[in-house]
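Annotated compositional bias 'Basic residues' per TrEMBL: 1-45, in sequence order. Annotated compositional bias 'Basic and acidic residues' per TrEMBL: 59-93, 105-120, 463-481, in sequence order. If you look up TrEMBL, you'll see 482-495, 505-519 marked as compositional bias 'Acidic residues'. The domain 'CP-type G' annotation in TrEMBL covers 131-311. For 1-126, 463-546, the entry in TrEMBL reads region 'Disordered'.
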Amino acid sequence: MKRPKLKKASKRMTCHKRYKIQKKVREHHRKLRKEAKKRGRKKPRKDPGIPNSAPFKEALLREAELRKQRLEELKQQQRLDRQKEQEKKRKLETNPGVKPSNLEPVKEEFGQGKAKDKPKSGKQNPKKLYCQELKKVIEASDVVLEVLDARDPLGCRCPQVEEAIIQGGQKKLVLLLNKSDLVPKENLENWLNYLKKELPTVVFRASTNLKDKGKIVKHLKVRKRAPFQSEVCVGKDGLWKLLRGFQEAYGKAIQVGVIGFPNVGKSSIINSLKQERICNVGVSMGLTRCMQIVSLDKQITILDSPSFIVSPLNSASALALRSPASIEVVKPVEAASAILSQADARQVVLKFTVPDFKNPLEFFTSLAQRRGLHRKGGSPNLEGAAKLMWSEWTGASLAYYCHPPTSWTPSPHINEGVATNMIQGLNLEELEKNNAHSIRTIRGPRLASSILFQSSGLTNGIIEEKDIPEELPKQKEKQQQEEGEDYSDQESVEEAAEKSSDMCGAEEDWEALPEESQADESALSYISDKMTEEEDDAYDFSTDYV
């Protein structure tokens, strides 16, 4: 029979063994430190903040702070929602008589609760907000500039908006042919002769890639103000003289409203007149969501407006070109096919360098292979090719043109009395000279390198909020996602400002959530490694070496 031990085994050991263990521990830690030094320790990235030289620094900081507050509110709301769900599940578990089929009504009630909370936040249909802001601009304006894309001027005119301006009283309506460098000169002259029979028309080309006027360049210890370098603005002097003539005729300070369909260059025109980037511009449609007031001088104030809302009764090509929605909302293949059906096929083939095609799907297949757009497995990405063509067609780089109607017919809402009222107090000879000078200055594309497009005529729009059709729930979700993307684009003023605002903005806050636990674990492990060097680790390693 084994005799029971009255005392625990002693942990005493010889000095030789203890010193040997401590030596092994030191060697082990040295090895770990050497490996960590080779790997490189990843320190948490510190936010450098927005540099003092960045424009609109205070506004960016305020926006970043607001975004953080919104994120915190969203996290709290999600936490409360999760707690409510857990409480309801506990109640269901405590009641044994409840059947599993009763879980669905509970989820529906919870979803209804969320839906009821949404109207409290004051969200409305963005199209209705566009109509409200557009009415504000028209009512507050003495002179209204309707911006037309020179590639399809007739398709950029909205008879409903023009009729509302004419009925609004003594308001002047002027047509502005923007993007005039993307059409041949002969075609531009023909359109100018056609449009000026009804309303005064100005040939214009807005500046792009504007630099900030206030930047100071230091070179060889000499301070020089950076010149206003951008693509040349054409027609600015003629437009200034026209607005100055209207202001003198009124005898008081005037307000000039700038209206038009999406992507015709309304905000770019205002930036060109002001010679600095004030209004946000971009490739995506519908960046301007509310009325913006920009003072050119003491006597002339410009009002920027959101785009027109296109009526769903228009043709498919008009909806694809003039809708402020993204191509994700409109089916890309259908929208691009509608545009392709009204373009000259031979010139499209030469422009996009693809072989001849019999139908739009064959064209999209060739374009996808040409541009390297492939899906998994190597099949051509038809939707990607359709989006690419749509973005180039609605952007400001593709040169295409439309022929004006052979016979001039006056619009039903414009009669002789209205036409004479619009040109009253206007120096037509000076306007014609300025337009002729602008046409000579512009370097338009050659007729052979442009694509002939068949215009679908005037595009009908919606002014009254009651005429806007109700959206389906799926469309609303897509539009909300699209609004979030547009909002983030609208907040960007410059690339440097974008990077700095993103670092202190919402994206980093979302990414930092899962990293907090990892950072805490790594910090704890690092501290514990530092603290346990001799005595504590001696007992840990004793089992390995004893």
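In case you wondered, yes, glycine gets a Cβ from its N, Cα and C as well.
According to DSSP, the secondary structure content of the compositional bias 'Basic and acidic residues' (59-93) in residues is 35 helix, 0 strand, 0 coil. The average pLDDT for the domain 'CP-type G' (131-311) in the predicted structure is 83.
Shown for the compositional bias 'Basic residues' (1-45): DSSP residue counts in helix, strand and coil, namely 25 helix, 0 strand, 20 coil.
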